[in-house]
Amino acid sequence: MASSLTLPMAMAFTLLALSFASAMGGSMNSSRFDELFQPSWAFDHFVYEGEVLKMKLDNYSGAGFSSKGKYLFGKVTVQIKLVEGDSAGTVTAFYMSSDGTNHNEFDFEFLGNTTGEPYLVQTNVYVNGVGNREQRLNLWFDPTKDFHSYSLLWNQRQVVFMVDETPIRVHSNLEHRGIPFPKDQPMGVYSSIWNADDWATQGGRIKTDWSHAPFVASYQGFAIDACECPAAVAATDNARRCSSSAEKQFWWDMPTLSELSLHQSHQLIWVRANHLVYDYCTDTARFPVTPAECEHHRH
């Protein structure tokens, strides 16, 4: 869908988004890569340039990194500059995931495209090992020209996907409707770049052109403000220690973060109206019976 937003309106929109950043933990301090993360595979495909980390994909391998800790509730953010030029067939991912078959997962997947065509951002939510909740949108800027922040806010009421502090998706807690919600499995934070030309670009019709390799994604501004969960602590104990009580209060349990503010709701409506290109909730060919959460989600 083409956006009708003019440049002055877009600038005003961005300034408004920044003014609301603190409401979603937007004042987080960033850390060096090695304070929070570590390479998880293809160590020779990492390049460090001061505060910037670069991961590359070539016809030998992609690369990936993971957080040193696991977390239950809070906010994670990274600034990414995506692969420039012809990125068809490539996927750069930033996500949170727990372990095991019945895992929970929140995904940003950036689907590359041919030169001049926009990146697609695919988000997905897995709960107890069940995904198939894809949404796709294009962005209101070129994500290959500069760094932009991508964040996940997670509390007991909602999961919010954000781009430059603008919400692009909300997955609400609907347990009162009998719909499971991810709230008891600590998650690691991950990113990777890999070849997915069997599906990533135009349904797999456009393949990766290896003559343009290496494909490089750049990272900076690593930030995690969340409840870290020691591996030796039981899941029920983690859920208790990461939830607010009379003795302790966590910022992510603030009543103002139990749902989007009015302004943030308007932002999300704008994103969906101007940039959403696919929503599993409306894909009746794939889901003849509407998924249960789609009947109740307001966004």
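Quick reminder: no glycine exception, Cβ is built from N, Cα and C everywhere.
Within the set N29, N113, Swiss-Prot records N-linked glycosylation site at N113. Site annotation (Swiss-Prot, ligand xyloglucan) includes Q122, T123, N124, N132, R133, E134, D198, W199, G203, R286; from E109, E175, E228, the additional listed residue is E109. Disulfide connectivity taken from Swiss-Prot links C227 to one of C242, C281, namely C242.
Using a 10 Å Cα-Cα cut-off around D107 (site 'Important for catalytic activity'), the recorded positions N113, T123, E134, C281, R286 reduce to T123, E134. Taking the Cβ of N132 (xyloglucan binding site) as reference, residues of its chain lying under 8 Å away and at least six apart in sequence are, in sequence order, N124, Y280. Between the CA atoms of E109 (active site, proton donor) and E134 (xyloglucan binding site) there is a gap of 10 Å. Long-range Cβ neighbours of C242 (disulfide bond) (same chain, at least 6 residues apart, Cβ-Cβ under 8 Å): L72, F73, C227, C229, F250. Taking Cβ-Cβ distances under 8 Å and a sequence separation of 6 or more, the neighbours of N113 (N-linked glycosylation site) in its chain are S87, A88, Y119, L120, T201, Q202, I206.
Spacing of E134 (xyloglucan binding site) relative to C281 (disulfide bond) is 9 Å (Cα to Cα, whole number).
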